[in-house]
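See below for the structure under consideration.
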Amino acid sequence: MASLLFAFVAVLLFSTGARDQIIVARLSETLGSKARPAVPLLLIACIVSAGTAAIMTAAGASIAAILPSAAKTMLVALALLLAAGELLWPNRMATPEEPTRSVAAIGAVLFLRQLTDAARFAIFALAAATGVPWLAGFGGALGAMLALTAAWWMAGEWEALLPLRLIRVALGVVTGVLAIVIGLSARGLIGA
């Protein structure tokens, strides 16, 4: 159960201000309104989140199964370092002027954005590090769905509501330090 909770919280935090969340917020504003929200957008976002969480869970679990303990810990450190880099990378996206109303196209864009984002790297790391990777994947999927639902519901107000860049930089720094500590611990350079 701990892996589910850790993944849920990590993905919820790492998804704050992520590219997929901003896309959902902007498209929700363009395609819907408070009176008539764009429900298909939310459905495809949740389906894609579940799919990418499953992919990263399977990848983390299968790679971790063939690695010895120290290498598994280094894999977790590397995944967290990649997550930190993605969190620190600035999100500069233009709002689509004439967004497509194709659910498949929106799903494809979200899928490609999510495959290499910090939240999916966290799912990968937790799936590799824990004894019950599918609980980590389930928690990660739930966290991603909640994060996207919040952006979908707030629509155009989402980006103005929170200092998203500041949150992502702070999370990136903390995650980077955590990755370095885990990596040094795996190498035996600091105490566990």
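Cβ coordinates are placed from backbone N, Cα and C, and glycine is handled just like the others.
TrEMBL labels come from automatic prediction, so no person has curated them.
Worth saying up front: this structure is predicted, and the values here are computed from it rather than measured.
Per TrEMBL, the features are as follows:
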type	residues	note
TRANSMEM	42-67	transmembrane segment
TRANSMEM	74-91	transmembrane segment
TRANSMEM	134-154	transmembrane segment
TRANSMEM	166-190	transmembrane segment
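Annotation: stretch 42-67 has the most Cβ pairs under 8 Å to the transmembrane segment (134-154), among 42-67, 74-91, 166-190. Residues of the same chain lying 6 or more positions beyond the ends of the transmembrane segment (166-190) and with a Cβ under 8 Å from any Cβ of it are 13-14, 16-18, 70, 73-74, 76-78, 80-81, 83-88, 91, 118.
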